[in-house]
Amino acid sequence: MSQPAYEFNEWTNTQKLAFRVAFIFFGLFAIPLDLGFYQYLWTIDYSHLTYREINESIAFFNPQFINIFSEGGFFGYESYVNWPFVLLIAITGAAIWTSLDKKSKEYNNLYYWVRVLVTYRVAYAAIAWGYKKLFIMQMPAGNEGLYNTEFIDFFAKRLYWEAIGVATKYEFFLGFAEFIGGFLLLFRKTRGIGAAITFVVFGNIAIANHAYDIGEHVPSAGLALLSLFLMWYDLPAIWNLIVNQVNTRVVHYYPVFKQKWQNYIRLAIKWSGNFVYVILFFALEVYGYTHNDFYKLPNTPGLPGSKGYYNVTEFKLNGKVVPYSPLDPKRWQDAAFEEWSSLSFKVYNRPQQIEMFAAGSYPRNDEVYDGKWYFDWRGDIRRFGNTSKKKKYDSEKRDLNITWELSGLGGRQYYHYKADTVNHVLHLINKNKANRDQAQELHYSRPTKDRIILWGTNEFKDSIYVVLDRAHLQYPLKKGRHANLSYTP
């Protein structure tokens, strides 16, 4: 219920001091402090706006001025080093505030506004993460190359992602839990239950991130902490009702706007945010889903009818037949064509730099675990990267730069190809960013629907001739454990 401010009791000195600390601490958590964030907003190509840009603008940001380059700094408790740093800022600010403000008897108005700020921060982030899973984009189903990768070649994060990806109904449920929690936060009457849902959901996500070295535990735990802050206002009344079994009235403070224009501005800001992060976001997600624009998957169709796993029946290197060998770094052991324009093959005894995940919190290949602390006043520059230039949509480079197929996986070489279907030539480029200089040009023929013959120049400028025969594999992960499976070589 709404009551004017004068009906609320005067706060104690302890309450006022605690609020000053909380106001600064949670306020800093709820607003983007990264210089790169605002540069990112400037560099977006708004003429080709997609759901990805809206998601990036709300899902991730949290105070990140200190990075520790170590295993614990990326995946362990040391990664929370910015929390005590922000708390120190809050305590210092509260001390200065206390020395300057001796007259205020309560802070109901400020308490209301910081809760509003935190509410929409959590709500829009929860909706953003929910949309990712509702449209089965965050954890897409596996592909041919992945299904034929040895278990030992998986990063822990990739194992977790694939475990969720094969259970699309469960992924949809997780997305619904995130979405409904955020959606309920948008309404005053359901804000409490919405905060409880987001606290449980994001707390669970943070734990899973720790267990599988996923790398997004700090943003997830931060959203859980903000949800707890929202719940805190109602917890005493809930405790009295449920535990002490005492009749309780929950009293909420709402400011009174004396001028109509003040209320108009409030409504304009509120509904502008709701339009962008709920309605427009949903529309762009639907457009991406219906136009095959999954941000982790290429969308250029591959050779028609080529999708599948292939045995290497014959392999020639510079005109000489090369028999199977577990020690040969150039002979293909198998190959996989995807439904999009990707070809992967397995070679033994060829070390490669594993493609890292695109997540901003994940260590880069060039970041050495030296255990040192790195401070940057600009904030989380690792996540937002180089934002000095306007980003233009480039459909030609899209599929090459989407490296989810090989992120966190070893054992296979992944290539993006452009098919010249007139001259029957495949122009291939290694998708691993560390090996982008490796290219192949292979002619192809298809004497039967299950045989593909490739010949041309490989990445080492050698002449190769490869005969591929499709193996009609049936994957239990796709068919289900009750399916009647058979194997036709």
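Just so you know, glycine gets a Cβ as well, placed from its N, Cα and C.
Record features (TrEMBL):
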| type | residues | note |
| --- | --- | --- |
| TRANSMEM | 21-41 | transmembrane segment |
| TRANSMEM | 80-100 | transmembrane segment |
| TRANSMEM | 112-131 | transmembrane segment |
| TRANSMEM | 170-187 | transmembrane segment |
| TRANSMEM | 194-212 | transmembrane segment |
| TRANSMEM | 224-243 | transmembrane segment |
| TRANSMEM | 264-284 | transmembrane segment |
Please work out whether the transmembrane segment (224-243) lies in contact with the transmembrane segment (80-100), by counting C-beta pairs under 8 angstroms that are 6 or more apart in sequence and asking whether there are at least 3. no
Sort out for me which stretch, of 21-41, 80-100, 170-187, 194-212, 264-284, has the most Cβ pairs below 8 angstroms to the transmembrane segment (112-131). 170-187
Best-contacting stretch, by C-beta pairs under 8 Å, relative to the transmembrane segment (264-284) and drawn from 21-41, 80-100, 170-187, 194-212: 170-187
